[in-house]
Amino acid sequence: MHDISSLTTRTKTLPPLRVGVGGPVGSGKTTLLEMVCKAMYPQFDLIAITNDIYTKEDQRLLTLSGALPPERILGVETGGCPHTAIREDASINLIAIDQMLEQFPDADIVFVESGGDNLAATFSPELSDLTLYIIDVASGEKIPRKGGPGITKSDLFIINKTDLAPYVGADLAVMEADTRRMRGDKPFVMCNLKTGDGLDQVIAFLKTEGLFRG
């Protein structure tokens, strides 16, 4: 059960931070959202919107995991190409955000998880203030050097499932070097979300670059 006592005494003065979470199918977007929500709620007032093409599977998974109370998670069925719903025509997600903020007007963060997509996926600026883009090691050592907006333009780039490197022949040092070359000074995290390794860096980023940035 979630303790909401810390939420009842707060006075909200700023609009919520909108955080887009993108990445290919199976990279760990839903796991990332689950772990971040469990670590930050109820200290922070959170809501989450998940995108799936034909189902509300990610909403179901987040709810079953206890990431947030069920009423704070809303699933959106986008249909068609998932990146359209976060970029070219984000109206379905903007409506979902408005709907959730009517219920939770004091929200600190609104997470929007995109449907699984390719390396070219980006969030519309009206939908997301910060973007997290996640890939997994099992998809291949070469992924960071392929580039694409998700890798080069996201505010935080996350390389997940580092524990699988020995089993898929991936060299983490090469992936790290390629990431530095493609992103320059932009931050990235090597992590294993199943064990929580690297999660603290993601949360610190959300706080320093989002919630507490002057």
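Including glycine, each Cβ sits where the backbone N, Cα and C put it.
Per Swiss-Prot, GTP binding site is recorded for Gly23, Pro24, Val25, Gly26, Ser27, Gly28, Lys29, Thr30. Under the DSSP three-state reduction, Gly23 (GTP binding site) is assigned to coil, being neither helix nor strand.
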Proximal but sequence-remote residues of the same chain as Thr30 (GTP binding site) (Cβ under 8 Å, at least 6 apart): Thr50, Asp58, Leu61, Leu62, Glu113
Residue, out of the binding-site residues Gly23, Pro24, Gly26, Gly28, whose Cβ gathers the largest set of other Cβ atoms within 10 Å: Gly23
Sparsest Cβ surroundings (other CB atoms within 10 Å) among the binding-site residues Val25, Ser27, Lys29: Val25
